[in-house]
Amino acid sequence: MTQIADRPARPDETLAVAVSDITQSLTMVQAINRALYDAMAADERVLVFGEDVAVEGGVFRVTEGLADTFGADRCFDTPLAESAIIGIAVGLALRGFVPVPEIQFDGFSYPAFDQVVSHLAKYRTRTRGEVDMPVTVRIPSFGGIGAAEHHSDSTESYWVHTAGLKVVVPSTPGDAYWLLRHAIACPDPVMYLEPKRRYHGRGMVDTSRPEPPIGHAMVRRSGTDVTVVTYGNLVSTALSSADTAEQQHDWSLEVIDLRSLAPLDFDTIAASIQRTGRCVVMHEGPRSLGYGAGLAARIQEEMFYQLEAPVLRACGFDTPYPPARLEKLWLPGPDRLLDCVERVLRQP
């Protein structure tokens, strides 16, 4: 391993100006790859590792070319042992490195829970902030690609419930690039959940102009009747549903892309609900105690007198993630969302 003096990570170093300082059309896979490349070029302490990330470039080719460019000391393969991957990351961070480990699929993350919950999330608090833990855990996540068991899941609620972690979910290539750059520059551990279904969606990425950092939501579509709060894969679903709602029913939906699940930008949500008076939360995971449950509870606790109707949730079912042939029936889609919209609009 390359010998680098022990010292805590400095965010300003890992968020240096991009090496490829241009605006261009990229897929999400390309945007994440570019973010990793630029972060590694900006700071020699940034290390990328995981199952098949070096020789194969990852199962989705997200890390392709990094080992060739930066060498086997900085981009390397690991055994098929997720707990070990996170344990290695914690140890490297303690020695002054900036690790970016990959868990190959969200359904493979469960063996790593002990290392994540007991050590990764707690080290900064355990040391009263004296030790940084600049670890960004990349996890291809969520459904929509017809994958086998363990290859599609919604793990975000586990991570959000683990105090000490930041949790982000990009929905566009631009967000994928900049949220990853911000995550790598952060002294706290960040769970970076990549929506697999959006991997090949294309968009403009400006690597010279930072987009909003972790903790900031974005209003993707303005509206006046109902606030739809969502993230990841379902942002595009919400936007297309909003078009349908306007064309067929003359309903005006405002769509908020959370981007950051923890910390949460509640101010943006509250400002929207002040205008609309109604809210639907949409996410892929099961309904019971899913991410939307806590968010809906907070909205109703803090904005009860601004609401014209109860907050509803359009989400997955309380079953294990289904086999590929049933996935489309299980995942929330336009029909489930618009049913919730109609129900909140029925309220007087």
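Here the Cβ of each residue, glycine as well, is placed from N, Cα and C on the backbone.
According to Swiss-Prot, the feature thiamine diphosphate binding site maps to Glu51, Leu80, Ala81, Glu82, Gln104, Phe108, Ser109, Tyr110, Pro111, an assignment based on similarity to another entry. Other Cβ atoms within 10 Å of the Cβ of Ser109 (thiamine diphosphate binding site) number 24 in total over all chains. DSSP assigns Ser109 (thiamine diphosphate binding site) to coil in the three-state reduction, outside any helix or strand.
The annotation substrate binding site is assigned in Swiss-Prot to Phe105, Asp106, Gly107, Phe108, His151. Around Phe105 (substrate binding site), taking its Cβ as the centre, 21 other Cβ atoms fall within 10 Å, counting all chains.
The Cβ of His151 (substrate binding site) lies under 8 Å from the Cβ of Phe105, Gly107, each of which sits 6+ residues away along the same chain. Residues annotated as active site, proton acceptor in Swiss-Prot: His151.
Candidate binding-site residues: Gly107, Pro111. Fewest other C-beta atoms within 10 angstroms, Pro111.
Among the residues the record lists as binding thiamine diphosphate, namely Glu51, Leu80, Ala81, Glu82, Gln104, Phe108, Ser109, Tyr110, Pro111, the two farthest apart have Cα atoms separated by 15 Å. A straight line from the CA of Ala81 (thiamine diphosphate binding site) to the CA of Phe108 (substrate binding site) spans 9 Å. The maximum pairwise C-alpha distance among Phe105, Asp106, Gly107, Phe108, His151, the residues recorded as binding substrate, is 7 Å. Across the structure, Phe108 (substrate binding site) and Glu51 (thiamine diphosphate binding site) place their CA atoms 11 angstrom apart.
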